[in-house]
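Going by TrEMBL, these are the annotated features:
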type	residues	note
TRANSMEM	6-26	transmembrane segment
TRANSMEM	38-63	transmembrane segment
TRANSMEM	75-93	transmembrane segment
TRANSMEM	114-141	transmembrane segment
TRANSMEM	147-165	transmembrane segment
TRANSMEM	177-196	transmembrane segment
TRANSMEM	240-258	transmembrane segment
Amino acid sequence: MFSNFIVTFRETLEAALVVGIILGYLTRIKQAQYNNVVYLGVVFGIAASVAGAFLFNALAGGFDGAAEQIFEGTTMLVGAFLLTTMIMWMMNQKHVAEHLEHRVEAELSHAHKFGLFSLVLVSVLREGIETVIFLSAASFLAGGSHITGALAGIIFAMLLGYGIFIGSMKINLKKFFNITSVLLILFAAGLISHGIHEYQEAWWVPAVIEHVWDINGIIDERGVLGGILVGLFGYNGNPSLLEVVGYFLYLIVILVWWRMADKNKRLD
């Protein structure tokens, strides 16, 4: 549930910040008459995301046996990939606001309402589709939909985004994104490990060593605490060698990249 909250909270907040930056820029340059175009883009982006969620769920329900395991494993790996690219993109974007403002200025200079509409729609839709994939991967990982956590994340993010936009709330966005990035990196590592597990169940990849260790007697992955750890970090009480390698190799690679990216930003 908490992982769903973090995912939807961050994705929704990112979309809200994008929309807030655009609306703020339009107000600043006295072009508030285009606000309705932005709102329309948000509505269509949300509608398209909901439609995408229904299509994805319909597709997911059409598999069984090994095909279902392969689909779930692939969804987890794709979710981990998207989470990683999202984290990398945010780490590399020092001037997100300036970039968006230039995009808006370019569209307005050509009187392209559709261009502004498309910019907002695609921004919202991208976050929406990513959220659908993440939540599906999380449900495969921990079992159940945990819709309460997802909805809570969306609501809190919308409230925070609105508070930031009207200036009533202050938040250190760099620190916020760093903290949530750490949680999402651990979540992504869990998705990779369990994606590999699903492929092993379908006999797509070998286990090499079926169980490197078994600590389910201490923390049962099917128990209350174990279930929470599964949802947060992809905990597995008796992982195979390939699952362990996938989990820690991902963590090593992403943390080395993070240090290098942070060093390069300081040099800039």
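A Cβ is built for glycine as well, from the same backbone N, Cα and C atoms used for every other residue.
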Given the cut-off of 8 Å on Cβ pairs that are 6 or more apart in sequence, determine whether the transmembrane segment (147-165) and the transmembrane segment (240-258) share at least 3 such pairs. no
What else in the chain is close to the transmembrane segment (240-258), if you only count residues 6 or more beyond its ends and a Cβ gap under 8 Å? 80, 84, 87-88, 91, 185-186, 188-190, 192-197, 200, 205-212, 234
Same chain only, please: residues at least 6 beyond the ends of the transmembrane segment (38-63) with a C-beta under 8 Å from a C-beta of the stretch. Say none if there are none. 15, 19, 22-23, 26, 70-71, 75, 116-125, 127-129, 131-133, 136
